[in-house]
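*Asks:* Encoded as structure tokens, here's the structure I'll be asking about.
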Amino acid sequence: MSNASTVETSDVERIAVNCSKSGMHNYIFIAIPIIYSTIFVVGVFGNSMVVIVIYSYMKMKTVASIFLMNLALSDLCFVITLPLWAAYTAMHYHWPFGNFLCKVASTAITLNLYTTVFLLTCLSIDRYSAIVHPMKSRIWRTAMVARLTCVGIWLVAFLASMPSIIYRQIYLFHDTNQTVCAIVYDSGHIYFMVGMSLAKNIVGFLIPFLIILTSYTLIGKTLKEVYRAQRARNDDIFKMIVAVVLLFFFCWIPYQVFTFLDVLIQMDVIQNCKMYDIVDTGMPITICIAYFNSCLNPFLYGFFGKNFRKHFLQLIKYIPPKMRTHASVNTKSSLVSSSLSDTKRASKKIALQMTDNEEHCK
């Protein structure tokens, strides 16, 4: 069992008796809590710095900074629950924190999954609009639209997390006196639970990733048509977002695979204890890999974002925002020529210069 456990009440005897040792390995109970604790410390520090830098220095004036701010907040809300999961795993999957915290900590996982993937999708669409359709997109690529989009993302992610709020609860195995935090459901709800698990695979990963992949493919094609020197001016934020997306993919794909295997177990397609053990052992490991996404994002911002590095150094040197130099995201002098060329190449060049002046927030 793990923090992704499911318990079908009509099937407890099979789980508790026939496959009672699945996933119960000493190295899991030692290594996983250490990893969770490390992610907690690094994630809280890193994402807190991102929130402070963007809010205090960058003032959330651009579309990208608003999305990145919400991404950091999502990661921060999630990583603060990791000490609970670390203790839960260290105690051999025994949950002593009560039903309320079981629901809250579980909901934070699902909420983080959906908000992260939706925000990354919006970032890729924003980059696509800014680079491929720079003139037309200026109408809707505003801070207000970005804020409303983020509100919508949080609402949709919260609705997608409702099964955790409703079905996640503590369950006592009387024969072992073990209290677990798991999704508990009647056999009549099996197809609903399977549907929710598949939604994580399809809505929470596959569809958004296809949108992201398409967006960046079209962006790459467009960038080939402009001058290399001009492209370099837009590389900072482009490289950073691509890195964030790739990190998300490689961190979450193992978890998505094991979630699908868990669906097959729930549907009785897989019916042997060896596979139960593989899934129950692999699930906390893949969850750890997925959780690394929440603590590594801030370091990507610092590595790829020149302005972010500058503001971060100002922060750790205790330089107040009002005293900082004013070479900020909106103060670069425009290089746009006074007249537009009739050719497509010149039009794109000018548009990208304008975009860089407005959007170079990193």
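One-based numbering along the chain as shown.
Backbone N, Cα and C define each Cβ position, glycine as well.
What Swiss-Prot records for this protein is below:
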type     : residues               : note
BINDING  : Arg168, Tyr185, Lys200 : angiotensin II binding site
LIPID    : Cys361                 : S-palmitoyl cysteine
TOPO_DOM : 1-26                   : topological domain 'Extracellular'
TOPO_DOM : 91-99                  : topological domain 'Extracellular'
TOPO_DOM : 167-191                : topological domain 'Extracellular'
TOPO_DOM : 268-277                : topological domain 'Extracellular'
TRANSMEM : 27-56                  : transmembrane segment
TRANSMEM : 63-90                  : transmembrane segment
TRANSMEM : 100-126                : transmembrane segment
TRANSMEM : 143-166                : transmembrane segment
TRANSMEM : 192-217                : transmembrane segment
TRANSMEM : 239-267                : transmembrane segment
TRANSMEM : 278-303                : transmembrane segment
*Asks:* Which one, from the binding-site residues Arg168, Lys200, has the smallest tally of other C-beta atoms lying within 10 Å of its C-beta?
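*Replies:* Per-residue Cβ counts within 10 Å for the binding-site residues Arg168, Lys200 bottom out at Lys200.
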*Asks:* By DSSP assignment, list the helix, strand and coil residue numbers for the topological domain 'Extracellular' (91-99), in that order.
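*Replies:* Helix (H, G, I), strand (E, B), coil: 2 helix, 0 strand, 7 coil.
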*Asks:* Ranking 27-56, 63-90, 143-166, 192-217, 239-267 by Cβ pairs under 8 Å to the transmembrane segment (278-303), which is first?
*Replies:* 239-267
*Asks:* Ranking 27-56, 63-90, 100-126, 143-166, 192-217 by Cβ pairs under 8 Å to the transmembrane segment (239-267), which is first?
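*Replies:* Maximum Cβ contact count belongs to 192-217.
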*Asks:* With pairs 6 or more apart in sequence, are the transmembrane segment (100-126) and the transmembrane segment (27-56) linked by at least 3 Cβ pairs under 8 Å?
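*Replies:* Taking Cβ pairs at least 6 residues apart, the transmembrane segment (27-56) and the transmembrane segment (100-126) are not in contact, as fewer than 3 fall under 8 Å.
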*Asks:* Counting each residue once, how many in the topological domain 'Extracellular' (167-191) are helix, strand and coil under DSSP?
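*Replies:* In the topological domain 'Extracellular' (167-191), the DSSP-based counts are 6 helix, 14 strand, 5 coil.
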*Asks:* Below 8 angstroms Cβ to Cβ, which residues of this chain, lying six or more residues outside the transmembrane segment (63-90), approach it?
*Replies:* 2-3, 28-30, 32-33, 36-37, 39-40, 43-44, 47-48, 50-51, 54-55, 96-97, 101, 104-105, 108-109, 111-112, 115-116, 119-120, 122-123, 126, 141-143, 145-147, 150, 153-154, 181, 237, 241, 244, 284, 291, 293-295, 297-298, 301, 329, 359, 361-362
*Asks:* Among all protein chains shown, how many Cβ atoms are found within 10 Å of the Cβ of Tyr185 (angiotensin II binding site), not counting that one?
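*Replies:* The answer is 21 other Cβ atoms.
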*Asks:* On the Cα atoms of Arg168, Tyr185, Lys200, which are listed as binding angiotensin II, what is the maximum pairwise distance in Å?
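*Replies:* 18 Å is the greatest Cα spacing among the residues binding angiotensin II.
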*Asks:* What counts of helix, strand and coil residues does DSSP assign across the topological domain 'Extracellular' (268-277)?
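*Replies:* Residue counts in helix, strand and coil order: 5 helix, 0 strand, 5 coil.
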*Asks:* Need one number: mean pLDDT over the topological domain 'Extracellular' (268-277).
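*Replies:* Across the topological domain 'Extracellular' (268-277), the average pLDDT comes out at 84.
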*Asks:* With H, G and I counted as helix, E and B as strand and the rest as coil, say where DSSP puts Lys200 (angiotensin II binding site).
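*Replies:* DSSP assigns Lys200 (angiotensin II binding site) to helix.
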